[in-house]
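Novice: Quick paste from TrEMBL:
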type	residues	note
ACT_SITE	208	active site
ACT_SITE	237	active site
ACT_SITE	254	active site, proton donor
BINDING	45, 67, 258	substrate binding site
BINDING	147, 232, 257	NAD(+) binding site
DOMAIN	10-285	domain 'D-isomer specific 2-hydroxyacid dehydrogenase catalytic'
DOMAIN	111-256	domain 'D-isomer specific 2-hydroxyacid dehydrogenase NAD-binding'
DOMAIN	290-373	domain 'Erythronate-4-phosphate dehydrogenase dimerisation'
Ligand SMILES: NC(=O)c1ccc[n+]([C@@H]2O[C@H](COP(=O)([O-])OP(=O)(O)OC[C@H]3O[C@@H](n4cnc5c(N)ncnc54)[C@H](O)[C@@H]3O)[C@@H](O)[C@H]2O)c1
Ligand SMILES: O=C(O)[C@H](O)[C@H](O)COP(=O)(O)O
């Protein structure tokens, strides 16, 4: 059996070599000729899997994407050809939650506001939106959820309407990219919507670039009419609108979900799905391969405050590192993809154990370290 795997799927060979011959490929440029004899095709979000890519392949039985998003896969076409499919729902949701947390802590410091005094609207309350909610409410921040499809399906959480979203201090986007239907998200934030926002607000996009009309955003940014922007995703990646960059407070190349833990979880989920499809027992798991975190524990000898919390979050992940790297690489040839390919190791907050020398020091009226994601121990 021939298993074709995107070269950026971490531990791809380790997980899948027992199924057959492994052939790796570069996800952005893969051709129909290259994958014509694949039995299994495992991709990430940069490979469009459709009739064109599979036109020369008559054998393929299974397509998997080690990602949450599936907008790069023509699911109708796979169904028509009876090709099994699996994605990795939720694999990197914690990483996205921690990206948003880190970004908002940075902005709170640079703009001198208290996050706890702000209201955050989370647009899309699925896996990643809920992870953002968990991190921020763990900090005591007031969050509102906006998700009409979930609301209509009977989800028992409280939801707000779109005008409440637009009035919130901070808006964080976590919807899939959809081009049609009553809840389509393509240019959900178009010029008309963007015009209703003010420079006092913050707008975060860590879902798909096409959810915001980037040209409308640029036009308004040039007139100094946009909110403070945190953009991880862009229209037309990797050939993004670079003129936007000077107007973006924190800019990164689609790495919000790039913790090692989240990426490896994606591979592991595909391994489980393929094992099930082939009726094999799944005996491997990510802990068999995962490297130890560089910092795994720290002693805390003072009471928990928001300042201390900020230091702990940024000890593990500080989005300013990625913003600086991105700005230094974006004008190089393939800069966007190169930074993603060579992304420096990043771990989830849970890899850090906090040892409180005095257990009463972890008491806080607003901050819940476990909920934010840390592992807490008492000496
Ligand atoms: N930047 C990154 O690294 C990164 C990482 C993971 C996921 N993503 C993107 O984020 C998207 C969301 O991920 P998820 O795990 O939360 O997916 P999910 O499917 O768990 O949740 C998405 C939610 O959006 C809701 N939704 C759909 N249309 C909507 C609309 N018009 N208005 C409001 N809500 C709407 C859905 O009902 C659903 O609850 C993915 O599809 C992917 O494109 C990006
Ligand atoms: O949808 C997802 O899971 C994320 O957008 C994911 O982090 C994208 O990473 P890529 O597949 O482009 O490496």
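Cβ from N, Cα, C; glycine included.
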Novice: Starting from the residue listed as 'active site, proton donor', work out which of the binding-site residues listed here (67, 147, 232) have their Cα within 10 Å, and give them in sequence order.
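Specialist: So far as Cα distances go, the binding-site residues lying within 10 Å of the residue listed as 'active site, proton donor' are 232.
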Novice: Around ligand 2, within a Cβ distance of under 6 Å, which of the recorded positions 45, 208, 232 show up?
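Specialist: From 45, 208, 232, counting a Cβ under 6 Å from ligand 2 as near, the near ones are 45.
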Novice: Within 8 Å of the centroid of the Cβ atoms of 45, 67, 258, which other residues of that chain place their own Cβ, given that this set defines the recorded substrate site?
Specialist: 44, 66, 68, 69, 92, 254, 257, 263, 266
Novice: For the recorded positions 147, 232, 237, which one has its C-beta crowded by the most other C-beta atoms within 10 angstroms?
Specialist: 232
Novice: Please give the greatest C-alpha separation between any two of the NAD(+)-binding residues 147, 232, 257, in angstrom, as a whole number.
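Specialist: Those residues reach a largest Cα separation of 21 Å.
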Novice: Can you go through the recorded positions 45, 67, 208, 232, 237, 257 and pick out those with a C-beta less than 6 angstroms from ligand 1?
Specialist: 208, 232, 257
Novice: Are there residues of the same chain, six or more positions away from residue 208 (active site), whose CB falls under 8 angstroms from its CB, and which are they?
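Specialist: Result: 69, 71, 175, 176, 177, 185, 233.
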